[in-house]
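One structure is given below, encoded as structure tokens.
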Amino acid sequence: MKNVVLEELKKIDLFKKDPGLTKEQVKAAFKQALNKIDEHLEEFTYKFPGSSSENNVYPSVENNHEWTTGFWTGILWIAYEVTGDEKYREVADIHVKSFEKRIDEKLGLNHHDLGFLYTLSCISAYKITGSEVAKNSAIKAADHLITRYQDKAGIIQAWGDFSDPNQRGRMIIDCNMNLPLLYWASEVTEDPKYKQIAKSHIEQAAKYIVREDASTYHTYYIDTETGEPRFGKTHQGYSDDSCWSRGQAWGIYGFPLSYIYTKDEELLDLTKKVSNYFLNRIPEDNICYWDLIFTDGDEPRDSSAAAIAISGLMELAKWLPKDDEMREIYMNASKYMLKSLIEKYTTKDVPESNGLLLHGVYSKPGNTGVDECNIWGDYYYMESLVRVLKDWELYW
Ligand code: GLY
């Protein structure tokens, strides 16, 4: 693996101390999230919340929308696992049928985000209930995802048609989160092809998307004829050479997920470097701006990037050797961020909102969902809470 800098943590003295986030506080936050979910369960039974809110209210969309409908289903599975209340399972089971239709009819699936969609809706369902419909739908999703593999480039192309010069050979950091679908598919089918593709992709991401200073490009092009690296380019970040906060968070969570299935220790090493870069650029209240080029001032925060990073750091800490002092430091850092989200970023005092977390950003350059709730932020917030509340088995 190439040489990547490990920055020293600037807030190491703070992160050595426990932030004093109590289980009672987390339980209360979870209860408050459940109240919001309950208020909108009926509205989002046959429809789904959109990707991001408008004035903190999600519109309802069909299950052919973008890459994001599975997050609401994932929220319901977490609610079911924690409470045992059948009302969440009933709605989530309805969603599983909807996801079966989505993959059978290929509704809005000309992209690589099958992992986001099917891990949280169907692998979760299969793990919790043993549903065969869910299992088969997720395998079909994995089959569809590997059709995007470019073998000479060794990557899964993120978006669009293979003939489109703007998209050909383009991989993106977000795809780290789509790979667990492939590892899982190899396990359940006993066919190694899915895992081989996932391994090839994560190795290319580690080599080319991560820069030598441990920041990340959002997207990177590889020549699909020669396999030669071409160049990095942003899509949702501030500039091609800045570091988009959510992209860095996808790295913090996605590299350890590939470690779980490959046991490649270098992925954990790399995650530490990517994590330190992120943690060294969070402001006073520990919630990042939408791009890590900003470390103070009035730019919008991205609470969703913080929520992803919290879950990712908790996962990283789990896999570090028991005698590695960074285990505790990453756990503490993640709890400082979670405390801040609970205390200052939830919709608890915004009764008209049907979301959970305020102050996310979908795309600042695209002027979409800026300073709004976004549904993946809500999901990762729930995941962060459940990780503190119980010994939670990953859907990823
Ligand atoms: N995966 C797309 C995003 O993070 O906006």
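Cβ atoms here come from the backbone N, Cα and C positions, even for glycine.
Per TrEMBL, substrate is bound by ASP174, GLY232, THR234, ARG246, TRP250, SER363; the candidate from ASP104, ASP113, ASP298 named for the same site is ASP113. Our reading of the substrate binding annotation (ASP113, ASP174, GLY232, THR234, ARG246, TRP250, SER363) yields a largest Cα to Cα distance of 20 angstrom.
With a cut-off of 8 Å between CB atoms and residues at least 6 apart in sequence, the same chain places HIS235, GLN236, GLY369, VAL370 near SER363 (substrate binding site), listed in sequence order. Within the same chain, residues at least 6 positions away in sequence whose Cβ sits under 8 Å from that of THR234 (substrate binding site) are TYR217, HIS218, THR219, ASP240, SER242, TRP244, PRO365. Checking the binding-site residues GLY232, THR234, TRP250 against ligand 1, not one has its Cβ under 6 Å from it.
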